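Read through the structure below, which is laid out as structure tokens, and then see the notes.
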Amino acid sequence: MASEKPQDLMVTCTAPVNIAVIKYWGKRDEALILPINSSLSVTLHQDQLKTTTTAAISKDFTEDRIWLNGREEDVGQPRLQACLREIRRLARKRRSTGDGDALPLSLGYKVHVASVNNFPTAAGLASSAAGYACLAYTLARVYGVEGDLSEVARRGSGSACRSLYGGFVEWQMGEQADGKDSIARQIAPEWHWPQLRVLILVVSAEKKPTGSTVGMQTSVATSTLLKFRAESIVPERMKEMTRCIQEQDFQAFAQLTMKDSNQFHATCLDTFPPISYLNDTSRRIIQLVHRFNAHHGQTKVAYTFDAGPNAVIFTLEDTVAEFVAAVRHSFPPAANGDKFLKGLQVAPVLLSDELKTSLATEPSPGGVQYIIATQVGPGPQVLDDPHHHLLGPDGLPQRDL
């Protein structure tokens, strides 16, 4: 753990994106970020999608500062401040209990943070979850805080607590008013279902018009469907989804994933005024998935959409190549044919004429910008090599950030 030696007061970590298959939408406490229902997610592999964060503390720093993707941001942002306060509170608490490893001097030091995503920020790719999980995890190592970090990460972004673990993760809504029991826990490790694959169909990398925070507040205030969903639908779905994962029941997993995505977006439409995160391409992808499955006479592919138009596709290893070919057929790459597929290697295959007929889609060139092929992955990692630091010895971002 970090000590008072200057070189030990800089830590760099990475954290993953997670994709909910049972959705979180709506808070019962805005300040503590406590959800109106439990949720369940899949952690994606950091080889393809991750946030990298460096945090440094020094007696020479005069103020807290943060840089995101190379640009300095307002460190006074309320959720960022909530994370910093919570970590420092835990560090003080640890010190007051007489823990010999707690940092005696550094609690008063200011912190500099630099963070970068290797994927589009604020485009419905769960960037805030990875970002705040990485912040919490990195700050914990700098300040010598151990134990569960759900509360710290949750203060930044609710779903961030799910990115603190790899594999398949449940965020329990909890019952206590102070949120102490609203925590994330792993229900299966990343190696549990090795055949499972994930494809992210990037429809738009633009910032979404209605942010998640505002969207949730409006839905909680106006949607009766959301209340019914949280109280009467989600509890049973959490049990069923856990069973599907533990038993590797892909058919049931896939169908429930799609139904829950559809119901989440139905609550957005039930919100007043209505919110629509999906666009025409999103709806064409939904149609493509159902036609692909109908052709095969079984559910081989599932979609889910968060608060944005990008599709996340779940399938098994033996179906990836054919479905990627179906996407290429339906959404021919506009100009970047050789860069259309990123991430894991996928062998090209030819679609059968029968499948082309079943898809029956009018090609929509450029509708899908690119595909990221990935799989289930581990939780946050510490990067021990100092060459990975995003901050220089002076505590300022490295020039090549």
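Placed from the backbone N, Cα and C atoms, the Cβ positions cover glycine too.
Among the ranges 82-101, 382-401, the one that Swiss-Prot lists as region 'Disordered' is 382-401. Checking the candidates Thr53, Thr210, Thr213, Thr224 against Swiss-Prot: the one annotated together with Tyr24, Trp25, Gly26, Lys27, Arg79, Ser157, Gly158, Ser159, Ala160, Cys161, Arg162 at the (R)-5-diphosphomevalonate site is Thr213.
Farthest C-alpha pair in the (R)-5-diphosphomevalonate-binding residues Tyr24, Trp25, Gly26, Lys27, Arg79, Ser157, Gly158, Ser159, Ala160, Cys161, Arg162, Thr213: 18 Å apart. Long-range C-beta contacts of Arg79 ((R)-5-diphosphomevalonate binding site), restricted to its own chain and to partners at least six residues apart, with a cutoff below 8 Å, comprise Tyr132, Arg155, Gly156, Ser157. Listed in sequence order, Pro35, Asn37, Ser39, Gly158, Ser159, Trp171 are the same-chain residues at least 6 apart in sequence whose CB falls under 8 Å from the CB of Tyr24 ((R)-5-diphosphomevalonate binding site).
Per DSSP, the secondary structure of the region 'Disordered' (382-401) breaks down as 3 helix, 3 strand, 14 coil.
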